[in-house]
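I have placed the structure first, in the form of structure tokens, so that the comments after it can refer back to it.
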């Protein structure tokens, strides 16, 4: 999951949908290799100014790192839970499918950007459907960012009491000042709000790179703890306490399920989709790429998605093989409070998510200002009020939601399929001219099927999730 840019760059004068001259169509075909055609004005002999006439400075390797960091987010903590409810083989197959589909959707975005020279996700919405399209895309991105903020604050809610309790040698369940709900309010007021009130991100924007480093540390620790805890969990002191996860609930034979389907599967695929959302960041990274071509940026995307697939697969597999069917949606909760290695992991993750929340809040506020107050000058009162209202709403959400799985599941069933499946396919169908790709050509049929798949995925996931909530199975699952 990544930090989504909810504010677009200034776009060029839009061309009419579905129409291109013969020369422009030829330019589009050349654009399979170059980002924008380099035609010249016959009157002046000068090349027309395009937004990418400046040379990008970011290397290929750094672009891979940036996009990998955009993909990486809190969703990695829920992947072992997803594997527990699908089985090892089925999970890895689903994860591979989500990765491949994410790569294809990025291909659709890059192709659309190549046609019209736009470098922001919501500007593609305006190009395809006018101002209403831009508003819809901005709302979806804001929803996804609110979900990301909620997941980060939920991690603070569950992990900070354990960290403070360890240092103070206190029971986080027994002392009122170690309650998670109180702590997230204090962290929001004392740390997140002051950072969110800054007028510009400045160096705070670089703190998002902490997430990738912290999650690598998390992965290494999960692998190490698997071999330390071993199989005989009933005699191991490093697992969670009995009241957190009853020992009899562990798989006594330590046999992993290779393929399984249960009522909680309605959460598993959305968790995987949530973990791969990076699409609003693709076009800005494309803009900054040195020698930007569609093929080169697609290679950046493929390498980033491939690296995250490996990292996600390892984390889920070793986490599941440590705790089997008892693993929780937030895997760090499974480890004991006194484990010093896990304490270091908790501190690293807490630092990363705390500093990332204001970074996520910035584009939401900017998008709201552009949508609600497009012609208004900067106002500190409005700047502070939007940040405060957003933090209050997210805190209420985190306090009321019982598990982080519900956040992963809902966002992974709504904004994630919209950003990965539905919007890229709709953009492709609307933006790519019929002179280049006829309506019934194979690429457009593929894009149409891709969008339909996203709609079905959203409908089925939400249907099963609401059914679980209505019947109480969500609470009875024990996680």
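Glycine is no exception: its Cβ is also placed from the backbone N, Cα and C atoms.
Worth saying up front: this structure is predicted, and the values here are computed from it rather than measured.
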Checklist entry - Which of the listed positions, 17, 236, does Swiss-Prot note as N-linked glycosylation site? => result 236
Next on the checklist: Going by the topological domains annotated in Swiss-Prot, do residue 57 and residue 291 sit on the same side of the membrane?
Outcome noted: yes
Next on the checklist: Do any residues, 6 or more residues outside the transmembrane segment (136-156), come within under 8 Å Cβ-to-Cβ of it, and if so which ones?
Outcome noted: 1-6, 73-75, 77, 121-122, 124-125, 129, 180, 183-184, 187-188, 274, 277, 280, 330, 332, 349-350, 353-354, 356-357, 360-361, 363-364, 367-368, 370-371, 390, 393-395, 397-398, 401, 404, 407-408, 410-411, 414-416, 418-419, 423
Next on the checklist: DSSP on the topological domain 'Cytoplasmic' (363-383): how many residues come out helix, how many strand, how many coil?
Outcome noted: 14 helix, 0 strand, 7 coil
Checklist entry - How many whole Å apart are the CA atoms of residue 254 (disulfide bond) and residue 471 (site 'Involved in pH-sensing to the transport activity regulation')? => result 31
Checklist entry - Between the transmembrane segment (177-197) and the transmembrane segment (62-84), do 3 or more CB pairs sit under 8 angstroms, pairs being 6 or more residues apart? => result no
Checklist entry - Is the transmembrane segment (447-467) in contact with the transmembrane segment (407-427), using three or more Cβ pairs under 8 angstroms as the rule and ignoring pairs under 6 apart in sequence? => result yes
Next on the checklist: Would you say the transmembrane segment (384-404) and the transmembrane segment (303-323) are in contact under the rule of three or more C-beta pairs closer than 8 Å, pairs 6 or more apart in sequence?
Outcome noted: no
Checklist entry - Other than its own, how many Cβ atoms are within 10 Å of the Cβ belonging to residue 471 (site 'Involved in pH-sensing to the transport activity regulation')? => result 11
Checklist entry - Per DSSP, what is the residue count of the topological domain 'Cytoplasmic' (428-446) in each of helix, strand and coil? => result 9 helix, 0 strand, 10 coil
